[in-house]
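Report on the following structure.
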């Protein structure tokens, strides 16, 4: 049975970057597993399982390499709803995860700079120890060569004196004994041995100086490499800090805009409420006026009906002097009704 395809972003689940070290991944796993452990957070079984699955993959070198090969295809292939669900499962937004990754990257870079500085100090100490021995050996060889040169100079001076006119002129006075053949051969052998010894020591001196130059060159290259790496890491840290600062600025602007929109919405709702209340008050007033007019009309009709009935039952004929005044009947509904109300 073929293994199911991986569709989860394990780096986002563990809140680390793709370049995070094993130690940083482990620390993030421990922190998240404690936060989302079912014993401490009821209902987080799915999140805890995802955390465990992510760490199982990223903590294994072989599995992580295989996952990294698939990682570029995982992000585009995941549905938006699934990515949102994963973020909500951990109670963090993509912005929070990005901020956490940036913070972790800065910590990793600074730790790398610190470790590199410690390694450089170790190498410098080893270089100083090695070069101290080289300098000491060089001084010893130089002194030996100087001693041989002094002996050679004295020997040459003696030979020059022996071959000079002064010795020939003074020889009758001092009558120095002639050197024997054995003595002459011994001195020749000594001169040859000194030449050979000097040649060996000069070669030894050149070798030591070459070793010293090589060590100095290696140290110089190491310092330049360390400085360049520190510069790259510092630039990366500044870039991340700039990104964090820009994100914070955008968040401040977004919060300010949200607050402004909230206030505008509240003011608009307040205005709409006032307008609605004014319209309702005007409608109530119109209704009261209409009801008053209707009541006045009813009262007018009732009064006319009463007068008509009173006239009908009065016992007078149609030509009598007690006819109802037309003025009362023709009175306007509004004025009559309002006067009745008053």
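Indices start at 1 and increase along the chain as displayed.
Keep in mind that glycine also has a Cβ here, set from the backbone N, Cα and C atoms.
Among the ranges 229-285, 286-342, the one that TrEMBL lists as region 'Disordered' is 286-342. Of the candidate ranges 44-73, 74-103, 104-133, TrEMBL annotates residues 74-103 with the feature region 'Disordered'. Across the compositional bias 'Basic and acidic residues' (297-308), DSSP assigns 12 helix, 0 strand, 0 coil.
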